[in-house]
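Quick look at what TrEMBL lists:
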ACT_SITE  LYS186  active site, proton acceptor
ACT_SITE  GLU193  active site, proton donor
BINDING   GLY13, LEU14, ALA15, VAL16, MET17, GLY18, ASN36, ARG37, SER38, VAL78, LYS79, ALA80, ASN106  NADP(+) binding site
BINDING   ASN106, SER132, GLY133, GLY134, HIS189, ASN190, TYR194, LYS264, ARG291, ARG450, HIS456  substrate binding site
DOMAIN    182-472  domain '6-phosphogluconate dehydrogenase C-terminal'
Amino acid sequence: MRMSKKASIGVTGLAVMGRNLARNLARHGHTVALHNRSEQRTKELVEQFGDEGDFIPAYSAQEFVDALERPRQVVIMVKAGAPTDAVIDEFVPLLEKGDVIVDAGNAHFADTRRREAALREKGIHFVGTGVSGGEEGALHGPSIMPGGSKESYQSLGPLFEDISAKVDGEPCCTHVGADGAGHFVKMVHNGIEYADMQLIAESFDLLRGAGGYSPAEIAEVFRTWNSGRLDSYLIEITSQVLAHTDAASGKPFVDIVADQAEQKGTGRWTVQIGLDLGVPISGIAEAVFARSLSGASNLREASRGLGGPSRAPLTGSALDTFADDVEQALYASKVVAYAQGFNQIQAGGAEYGWDIDLGKVASIWRGGCIIRAKFLNDITAAYAEEPALPTLLTSGGFRKAVEDAQDSWRSVISTAVRLGIPTPGFSTALAYYDGLRAERLPAALVQGQRDYFGAHTYRRVDREGSFHTAWAADGRPESSA
Ligand code: 6PG
């Protein structure tokens, strides 16, 4: 540990994510200033990992700022919300024009926009940055999604690209877009993460409930899938979770875990913003609702005796092909969830004036992050070929794969419905697919209803303009305007 030179970057907030980011930076040869509200954490980091690189521990905000090269680059890694504002308020008076504050936590992008605008007035760059990959990713190479000004990326970009994951030699980091774009994209990443996890969980439930497979057998099925087109971090860890036996009880680990999924909020934000933007992200929404339903213990307890069909597992040829059918259903539903997420990013970009390169987003999610997957290579290629692609579902490879999967997809969902196994993720994905490809939707009838009770008017298929029918008291049309 050298103490003589100044630090090229500083990290304040040294809980596990901050600590690992700081270590990652130091391991890549960058001198890192360290600061934490309580001195203990700073001391511990230096004691335990001081030999990994050049750290400059600082025990006051002023000391921390003084340790940094100009323009100063301060990474804040504290809890989203009020704690982030408190740290910003503490540091801003000590900083100068041109300095950069990076918020690498899971902030809401609207907060990031507000903070960026306020600090821009003072000449300070505020860079809301999505970081994905958990503790391990932060240490060994996360996927990094910085927003903020282009100017800030000139100094920050090389450092972040350096410590990010690499796929085919390319860094999993790019300047996503102005102000809150980085946190917006990270939010949608998490929404997709929820959908992906839910679809995998439904696959497990089906293989067990309809296919009669044991958790250990399902672990093996997932392990096989992980060497095909579903190759991804989430499939890999699912296989490991399912293969795990609880030492205390000797039971499959998955059977001793309470079946109530928790959430910290980013999935919920994705859905809230999806509603605001009017983007149908039903796969993500169902995944969030499925977690809420799992956690609604009183409601579930009260509903325990509600009748359902008998649950005789599949047999014969239906069973023989079932695992393959579920793979097809999972793949197709996953394409829908990603298609919806990318459309949300597109809509966010249009709403907030961000010039987001969707292919680039797909490419920086190929490594480091929780949803990293082979599949993201195909999404990267699809957007490279057609940057304004209306939906991933219409791009060549995906179109064919989903069309080829649809018989299995429909059959798996009908099996689930017949046996009473809930598959909200699979079902909503298929409904979205069928909704998009429908020649006519019953929305015409909804328009008729709206016009009837509220004179809300409708458009016609054969003429331009807005129309209202004067509905008679008995419901028959009197005249048309
Ligand atoms: C990541 C993750 C991470 C998130 C966790 C927990 O990209 O590294 O998305 O940011 O906090 O996955 O999320 P929930 O507690 O909401 O499941």
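Each Cβ is built from the backbone N, Cα and C atoms, and glycine gets one as well.
Shown are the binding-site residues ASN36, SER38, ASN106; the one with the most C-beta atoms within 10 angstroms of its own C-beta is ASN36.
HIS189 (substrate binding site) sits 28 Å from ASN36 (NADP(+) binding site), taking the Cα positions as reference. In sequence order, ASN106, GLY130, VAL131, SER132, MET145, THR266 make up the list of same-chain residues 6 or more apart from LYS186 (active site, proton acceptor) whose Cβ falls under 8 Å from its Cβ. For MET17 (NADP(+) binding site), the count of additional Cβ atoms within 10 Å of its Cβ stands at 23 [all protein chains shown].
Confidence across the domain '6-phosphogluconate dehydrogenase C-terminal' (182-472), taken as the mean pLDDT and rounded to a whole number, stands at 97. Listed in sequence order, the recorded positions among ASN106, GLU193, TYR194 whose CB lies under 6 angstroms from an atom of ligand 1 come out as ASN106, GLU193. All chains included, 27 other C-beta atoms sit within 10 angstroms of the C-beta of TYR194 (substrate binding site). Note: the CA-CA distance between ALA15 (NADP(+) binding site) and ARG291 (substrate binding site) rounds to 27 Å.
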